[in-house]
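Quick look at what Swiss-Prot lists:
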TRANSMEM  12-32  transmembrane segment
TRANSMEM  47-67  transmembrane segment
TRANSMEM  170-190  transmembrane segment
TRANSMEM  205-225  transmembrane segment
TRANSMEM  248-268  transmembrane segment
TRANSMEM  294-314  transmembrane segment
TRANSMEM  317-337  transmembrane segment
TRANSMEM  343-363  transmembrane segment
TRANSMEM  371-391  transmembrane segment
TRANSMEM  423-443  transmembrane segment
TRANSMEM  472-492  transmembrane segment
TRANSMEM  502-522  transmembrane segment
Amino acid sequence: MTDIGILPAPAIAYGALSPMLIMFGVAVVSVLVEAFVPRGHRLRTQLALATVGILGAFVAVVALSGSHQVVMNGAVAIDGPTLYLQGLILVASGLALVVMAQRRTVAAVPSAVGAGAGGGLDSFAAQASSVPGSEPERVLNRTGITQTEIFPLTLFAIAGMMLFPACNDLLTMFVALEVFSLPLYVMCALARRRRLLSQESALKYFLLGAFSSAFFLFGSAFVYGYAGTVELDAVARAVDADAGERSFLLLGVAMLSVGLLFKVGAVPFHFWVPDVYQGAPTPVTAFMAATTKIAAFGALLRVLYVALPGITTDWRPVLWGVAIATMLIGSIGAVTQTDVKRMLAYSAVAHTGFLLTGVAAANERGVSSTLFYLAAYGFSTVGAFIIAGLVRSGNADDGADGDYKDDDEVTDLRRWAGVGRRAPVLGIVFALFLLAFAGIPLTSGFVSKFAVFEAAAAGGAMPLVVVGVMCSAIAAYFYVRVIVVMFFADPVEDSGVLRIPGPAVTVSIAVSALITVLLGVAPQPLLDLVENLADFVT
């Protein structure tokens, strides 16, 4: 009788995988909370569970510092970039999650600056499936019932994002991509106000995201056809040996790039960014704008620097073109916007171009500068979107009738006139984030742009540096324009007001602002750290 071979199961390195296992475990428990915990106790339970999970995963990341190994039969790499990016994702997620946890009921109506004490700011529908203004929604609003499904969705997204930059083979990378993408599609549709716009943006994101994921999977198949493997280090060895049909490799890399460049929001795969950033609930926008970019750039760096260093001369010119187009279209597109969230979305596209400048440097300094830039940009982005979500129309509305027009978010730049003068502290902090985006000295943005430009120049990519400096000058215009409107324009009849944030949200804003200033005034400790960590395990 012939023995049937048994596929060996991979040895699970629980210690090395502990940050991701903690987040996946907490996400599963969060689903059980939704099923079994009474509705009245879910919010506190979910918030406590998420807090414990994020803190536990962060402690596990710190405990693994210095680890340099490949586990799960080559599927997952635990090294400096992995742990650094996982730490960034956890901290940025924690800051955004605080805002997601804000809830209000009919009895707790938020107040405008100068009009009394502040309250919670609820950005999420009581029941996303109900028609806006319908009787079921009115009943839910009157009873103070709020949905908490956002917590398990967010936790699964965080877990997938932590796995994404750690993946050492293309199939695991695809699974991680879907694990964090699918919750984001749903989260974008949960807005309490402007529900149809929110659902439209989610549908666009889902359709385009599915399309890009198909390209990624198809590209993985072509790379496998070339190398006979999907492990990144084995692909690199096959490339060095020129072991297969080169056209398969180049076509596969092109398709992989479509999937990855879509996630970072690079031109020409950026069209979803303005619509989704505008339509999604602002706390979700803050979360995804920072963490998705961190995770996706980590995966892009690993693919290019671990699997494809042997064909740098092939992918580098293409990346140059993508970076230049992304910087130009992002900067010019932002100038034409009159909606603050869409302006910040085009700003995010431009920053993707700056980050690609560091990636295209194709040297170790390019990796370290990109890692630094991700930290600087991530925290400024979270803080900026949190404050943007606090600008509301002037009259508080209890929402008992299901109509929240009187407490809608104000994103029309014209209606931001005088907002900074009416709430000077929050206005100054928001101006700080905008100046950091512009790359003004003594902010994190200046140091991060200088770092990627220096790396690109050292790698012989001076055209990218020239375009980057030019686009930074263009960007300064639209950032300063917002500041001028906030502080120097006379208020209009329907000007918005800044709601007073609660203590937890205030802490999130303060932490984001503090990091933005520290990375601009004293960046050397983090620069030294990323230089020591910029070494991928192979």
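Placement of Cβ uses the backbone N, Cα and C atoms for every residue, glycine included.
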Cβ contacts under 8 Å made by the transmembrane segment (294-314) with residues that lie 6+ beyond its boundaries: 77, 81-82, 85, 88-89, 92, 160-162, 164-165, 167-168, 173, 176-177, 180, 223, 232-233, 235-236, 239-240, 249-250, 253, 256, 260-261, 263-264, 355, 359, 362, 367, 370, 374, 378, 536, 538
Closest-packing stretch to the transmembrane segment (205-225), where packing means Cβ pairs under 8 Å, from 170-190, 248-268, 423-443, 472-492, 502-522: 248-268
Segment proximity, the transmembrane segment (371-391) to the transmembrane segment (502-522), 3 or more C-beta pairs under 8 Å: yes
Non-local residues, at least 6 beyond the ends, that sit with Cβ under 8 Å of the transmembrane segment (47-67): 15-16, 18-20, 22-23, 25-27, 29-30, 33, 78-79, 83, 86-87, 90-91, 93-94, 97, 101, 151, 154-155, 158, 162
